[in-house]
């Protein structure tokens, strides 16, 4: 269950207080084991995902510790894990890439600055209680985002996997560059990359509880270290500094923040939708409540601290949360254990990563991407809704041809256009009585439903306002023209929760137009706020207060008595 609001108490402002007070002693062993499993996944993936973001591997480790600590303190979910993410990571690289060159100190610094800006936006939206914004990205469009990002990310990692030069531009430009450089492929990098990818996929399929990324990276790193990267020409991570990162202020140039802002907003929208989905999935599986607004607040410091300590952006991750839950995580203590182990890794273990091969890092990323794609969802969507399927294809095509930011913008525009269309096209219909019961249903869907002589029962399909009243009135007149004998239109307002001034005025004009051709109007199921608006506009006086009925059945019976008084 999602809690719609946050009470202004210490317990809601610091959710850690709630789970610490309710912590059970027998959870500890589960949380410790889950924390170790999480560490085994997050360390290699953090360094691999740094490649997606376009920064050195060490920044992936700098990201993990402050993010996990901040979310454990402020997050409303007991099991959600925040960390580096593929989709938002690529958006980060594209956003920073518009003002800095990848591989430079400026690019790395601005990537951390972007994380701080994203955290600031999360906080602002959280304090403004805007947790509802994620509902404006429908699931099919979100799936289109992810599918497109999968293909773009994979094509960007293939050069690292094969040890060749890559290209720039859109998906097809990069594909063309890969094909052009295929003659430059060398055996050792290709063997390292493809064997690592095959091992990742096999381990995940055959022994899913084994941390495949850690095993593959460890074996590949040891093998290259023993055989020597110079002899085989395999690119390696090289020197990775040990110790803790220093706290550094972000770039505070307003012009830079304005340039980063559009990308940051897109990342917040996409990242929050992902994070909220992961938190809801965890809550459904293990119980407990989540607060959408508190999730926004928690993602603020998680990103800001990550950026201040030299890391990059983070969001709630379904894949990492699934790892923690599969390993038995009971609370955010598992995240604290993982953070402590990552802290120790930074101090003692980074020299071991010097011979970590780039093709193996690319294999980890590609395996993660393949895990995200969902062809079966697309097949089902094609059968269920061609319109939604078309939206997915348009978003994917936009990302591949125009670029990821443009594809996401296209998806948002499609979502808004879909919303406008649905709102402005309410499902109004003529109703008839279902035989044997008092229920009234759409006569097109229920041909056996009974209609009444000279009476049209009409359901207004949704709220009435400036964008819908004209269409509803037109559809009603069209239905009346198909039944010229009708002398009364009984309007079922059970679906109308709101009516604005334009709609009230339009309704008044409609009633007068119908009266001029000999058709009276009555209403049923009118909600009190709607009736108040109609009364203030004079509609109640226009049709008469006795023409408002609690139930459609009451209106039908009144018409039957009026038109056949002898039956009374």
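Our numbering is plain: 1 for the first residue shown, then up by one each step along the chain.
Just so you know, glycine gets a Cβ as well, placed from its N, Cα and C.
Packing against the transmembrane segment (48-74) from elsewhere in the chain are residues 14-16, 42, 80-86, 89-90, 92-93, 96-97, 102-103, 107-108, 111-112, 115, 153, 156-157, 160, 213, 217, 237, 240-241, 245, 294, 297-299, 301-306, 308-314, 316, 332-333, 335-336, 338-339, 342-343, 345-346, 350, 353, 356, 358, 361-362, 364-365, 368: each is 6 or more residues past its ends and has a CB under 8 Å from a CB in it. TrEMBL lists 48-74 (among others) with the feature transmembrane segment.
TrEMBL lists 86-105 (among others) with the feature transmembrane segment. Same-chain neighbours of the transmembrane segment (86-105): 49, 52-54, 111, 114-115, 145-146, 149-150, 152-153, 156, 256, 259-260, 262-264, 266-267, 270-271, 274, 312-313, 315, 365, 368-369, 372, 403-405, 408, counting only residues six or more beyond its ends whose CB sits under 8 Å from a CB of the stretch.
Per TrEMBL, the feature transmembrane segment maps to 111-132 (among others).
Annotation source TrEMBL lists transmembrane segment at 210-228 (among others).
The transmembrane segment annotation in TrEMBL covers 255-273 (among others). Remote same-chain residues near the transmembrane segment (255-273) are listed as 85, 87-88, 91-92, 94-96, 98-99, 110, 113-114, 117-118, 121-122, 125, 133-134, 137, 142, 145, 295-296, 299, 313, 315-316, 405, 408-409, 412 (criterion: CB distance under 8 Å, separation of at least six residues from the stretch ends).
Annotation source TrEMBL lists transmembrane segment at 333-353 (among others).
Residues 44-45, 47-49, 51-52, 57, 86-87, 143, 146-147, 150, 153-154, 157-158, 160-163, 189-190, 192-194, 196-197, 199-201, 204, 212-213, 216-217, 220-221, 234-235, 237, 319, 389, 392 of the same chain lie 6 or more positions beyond the ends of the transmembrane segment (359-378) yet place their CB under 8 Å from a CB of it. The transmembrane segment feature in TrEMBL is assigned to 359-378 (among others).
Summarising the annotation, TrEMBL assigns transmembrane segment to 390-423 (among others). Here the transmembrane segment (390-423) has Cβ contacts under 8 Å with residues 90-91, 94-95, 136-138, 140-141, 143-145, 147-149, 151-152, 170-172, 262-263, 266, 269-270, 378, 381, 462-463, 467-468 of the same chain, all six or more residues outside its ends.
Positions annotated as domain 'STAS' by TrEMBL: 445-559.
Per DSSP, the domain 'STAS' (445-559) is made up of 55 helix, 21 strand, 39 coil.
Among residues of the same chain six or more beyond the transmembrane segment (111-132), those with a C-beta under 8 A of the stretch's C-beta atoms are 5-6, 53-55, 59, 63, 92-93, 95-96, 248, 250-251, 256-257, 260-261, 263-265, 267-268, 271-272, 276, 291-308, 310-314. With a threshold of 8 Å between CB atoms, the same-chain residues lying at least 6 positions outside the transmembrane segment (333-353) that come near it are 23, 27-28, 30-32, 34-36, 38-39, 42-43, 46-47, 57-58, 61-62, 64-65, 68-69, 71-72, 79, 81, 221, 237, 240-245, 324, 327.
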